[in-house]
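Residues or ranges marked as domain 'Phosphofructokinase' by TrEMBL: 7-315. Per TrEMBL, ATP binding site is recorded for G15, K78, D79, G118, D119, G120, T121. If you look up TrEMBL, you'll see D119 marked as Mg(2+) binding site. Positions annotated as site 'Important for substrate specificity' by TrEMBL: G120. For T141, I142, D143, R178, M185, G186, R187, E238, R283, H289, L290, Q291, R292, the entry in TrEMBL reads substrate binding site. The active site, proton acceptor feature in TrEMBL is assigned to D143.
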Amino acid sequence: MNKEIRKIALLTGGGDCPGLNAVIRAVTRTAILKHGYEVIGYKFGYRGLYNNDYIPMTTKTVSGILHKGGTILYSSNKDNLFDYQVEENGKMVKKDVSDVAVENLKREGVDVLVIMGGDGTLTSARDFARKGVNVIGIPKTIDNDLAATDLTFGFQSAVNVVTEALDRLHTTAESHHRVMILEVMGRNAGWIALHSGLAGSADVILIPEIPYDLDRVVNKIKQRSNSGKQFSIIVVAEGAKPKGGEVVVNKVVKDSPDPIRLGGIGNKLAADLEKRISDHEIRCTVLGHLQRGGNTSAFDRVLSTRYGVAAVDLIHNRDFGKMVALQGNKIVSVSLEDVIGTTKTVDPNGELVRVAQSIGVSFGD
Ligand SMILES: Nc1ncnc2c1ncn2[C@@H]1O[C@H](COP(=O)(O)OP(=O)(O)O)[C@@H](O)[C@H]1O
Ligand SMILES: O=P(O)(O)OC[C@H]1O[C@](O)(COP(=O)(O)O)[C@@H](O)[C@@H]1O
Ligand SMILES: [Mg+2]
């Protein structure tokens, strides 16, 4: 006989994003109202699981948070319990402390761990599932780079912010006849740049999946000038790079399992273009964490709520080791084993790139 499910725990890992609170709310409410489960929330992702640092979750705890970005459970994009920095004999060493987490779960009587995260967080989720922990994953990240789901929550909210930024850049670009560059996030995937570039009518979209040729970008700007358009808007993904060149690294976060933080390509591109274009001034804006903060879009509130409810359905059906996912317009579940190992990137020959090319957008290729 399978043990009856009584208690579930939540955890949010990786970079925060809009929609985390909406998922926390949906899981908590469904678990309590529909099934009478007890719910707790670990703080700061895996760090809280290691330190057994949690709060009880009630319908009151999750009241008033649906619209709010961020996570009431806090997050960390550094703590990997399978390779964790601990002090031993006065020295800092890296160790696999995942058994401590498993013990904490047992001691607290947690039957299922619901983990909201991106590729990094869900890698650990898969590894805990392999250790026999009952795990359910929920796909989070503004980058939308997770395999096996069409959309991660947080992505649409980020795209809305970037689109508004592009609208704002347009009016000032037009007034000053400038070339405006907007650098956006996304790690090694160009989803944010591509979607916001389309929505915000960028003239040039530079993404990691299509290395660019500076000459092509210059030509596009000149072509626009010649046709009477005295300004241009360029969206560049932080992971974009010139043909034969390298990505620009902003910083290396030494104690992070994925230590590279990208950033700086926007300013590099501005400097390169300044050498080639004399009749327009060039300015670069780096949107940074503004695209991860703020309120959750209506779309993401709905998607996150659907994901949260589906996660509890899986728990009720004892269907563990799965991640909820969106495929087409349906919420489905996929094995965590199939989520990890591949990054979902933009297909350079895909429909969206062709759509953009058809309306005259340049990818600098
Ligand atoms: N290869 C890995 N194996 C296990 N855990 C990982 C791995 N990479 C990252 N993590 C853990 O996942 C969390 C966040 O990873 P990160 O990639 O920054 O965010 P995200 O989950 O949003 O992709 C951190 O707690 C990190 O330690
Ligand atoms: O907040 P940090 O540590 O500067 O990390 C920035 C990175 O996190 C993100 O905002 C989100 O990535 P994750 O979902 O993998 O955490 C990336 O787009 C960006 O490259
Ligand atoms: Mg990630």
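Any Cβ shown, glycine's included, is placed from N, Cα and C.
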Close-lying binding-site residues around ligand 3 among G15, D119, T121, T141, where CB distance stays under 6 Å: D119, T141
Spatial neighbours of G15 (ATP binding site) among the binding-site residues T141, L290, R292 [C-alpha, 10 Å]: T141, R292
Residue among binding-site residues K78, G118, D119, G120, T121 with Cα closest to the Cα of R292 (substrate binding site): G118
Cβ neighbour count within 10 Å of L290 (substrate binding site): 14
Residues that sit under 8 angstroms from D79 (ATP binding site) by C-beta distance, when 6+ apart in the chain: G13, F44, G45, Y46, R47, Y50
Residues among the binding-site residues G15, D79, G118, D119, R283 that border ligand 1 - Cβ under 6 angstroms, in sequence order: G15, D79, G118, D119
Rounded Cα separation (Å) that holds between D119 (ATP binding site) and M185 (substrate binding site): 16
Distance in Å spanning the most remote Cα pair of G15, K78, D79, G118, D119, G120, T121, given for ATP: 14
Residues T141, I142, D143, R178, M185, G186, R187, E238, R283, H289, L290, Q291, R292 binding substrate per the record - widest CA separation, whole Å: 33
C-alpha spacing of K78 (ATP binding site) relative to D143 (substrate binding site), in angstrom: 17
Within the predicted model, mean pLDDT of the domain 'Phosphofructokinase' (7-315): 97
Those binding-site residues listed as R187, R283, and which of them has the most Cβ atoms within 10 Å of its own Cβ: R187
Sparsest-packed of the listed binding-site residues (G118, G120) - C-beta count within 10 angstroms: G120
Where the C-beta lies under 6 angstroms from ligand 2, the matching binding-site residues among D79, T121, T141, R283, L290: T141
Shortest C-alpha distance to T141 (substrate binding site) - which of the binding-site residues K78, G118, G120, T121: G118
